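Trainee: A single structure is presented below for examination.
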Amino acid sequence: MTNNLSGYRNKFVRVKTSKKRTVSSSNWLRRQLNDPYVAKARIDGFRSRAAYKLLEIHEKFKLFTPNMKVVDLGAAPGGWSQVASKLIKASDNNLNNKIISIDVLEIEHVAGVEFVQKDFFEADTEELIIQALDGRADIVMSDMASNTIGHKATDHIRTLLLCEQAFEFALKVLKPSGHFIAKIFRGGAENELLHKVKREFKTVKHFKPSSSRSESTEIYLVALNKK
């Protein structure tokens, strides 16, 4: 199971204070050093703890199968692309199994992944992804989130706007019965978006993976079977 953390817990690491380190950065470092999913990701070869979130989403909803075309929005550092590559059995030689990953930050190569280093919001980015797909996508997934500022309402709205943009793009490229996955932060303003998504997909669910930090308001919107 992806959430089997036996051997990764109960190894608390203290972080020494430093004049050069702010309180918030010290707290972040302490959380990273003591996060069992961070340790597990390092051992399992995943580039981020977020990989386990997608694995849990797949275990719950059975989204990925071989011979799929997948778009990964906001892919860096590549954890979700790694998971998708394994689940669809992607390779650099099989064009039927293809992942198009987009991020403004560079990511190291993943088997079966075509990486587009662009800002998703630039005018020509959508067309570049569509050309790279060479057809319709089976899954569009987005783990994009704005840089948080610690103000929950603002963080909620900013990430919701990213989700809305990803949703509008998904409608353009998904084939019928395709799936859409995206991160949102709970905060109340997401209801209008949910109504839009429900009009376009047969099944829409909310899911919070156990690998998502308990204090985080993030949840994942899982929209199944585009109409």
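A Cβ is built for glycine as well, from the same backbone N, Cα and C atoms used for every other residue.
Quick paste from Swiss-Prot:
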- LYS183: active site, proton acceptor (ACT_SITE)
- GLY78, TRP80, ASP103, ASP119, ASP143: S-adenosyl-L-methionine binding site (BINDING)
Trainee: If you count CB neighbours within 10 Å, which one among the binding-site residues ASP103, ASP119, ASP143 has the smallest count?
Mentor: ASP119
Trainee: Give the distance between the Cα atoms of GLY78 (S-adenosyl-L-methionine binding site) and LYS183 (active site, proton acceptor), rounded to the nearest whole Å.
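Mentor: Answer for this pair: 16 Å between alpha carbons.
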Trainee: How long is the line from the C-alpha of TRP80 (S-adenosyl-L-methionine binding site) to the C-alpha of LYS183 (active site, proton acceptor), rounded to the nearest angstrom?
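Mentor: Cα-Cα distance, TRP80 (S-adenosyl-L-methionine binding site) to LYS183 (active site, proton acceptor): 12 Å.
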Trainee: Let's check the environment of GLY78 (S-adenosyl-L-methionine binding site): how many other CB atoms sit within 10 Å of its CB?
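Mentor: Result for GLY78 (S-adenosyl-L-methionine binding site): 25 neighbouring Cβ atoms inside 10 Å.
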Trainee: In DSSP terms, helix, strand or coil for ASP103 (S-adenosyl-L-methionine binding site)?
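Mentor: The residue in question, ASP103 (S-adenosyl-L-methionine binding site), is strand (DSSP, three-state).
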Trainee: Using a 10 Å cut-off, grab the number of neighbouring Cβ atoms around the Cβ of TRP80 (S-adenosyl-L-methionine binding site), all chains included.
Mentor: 30
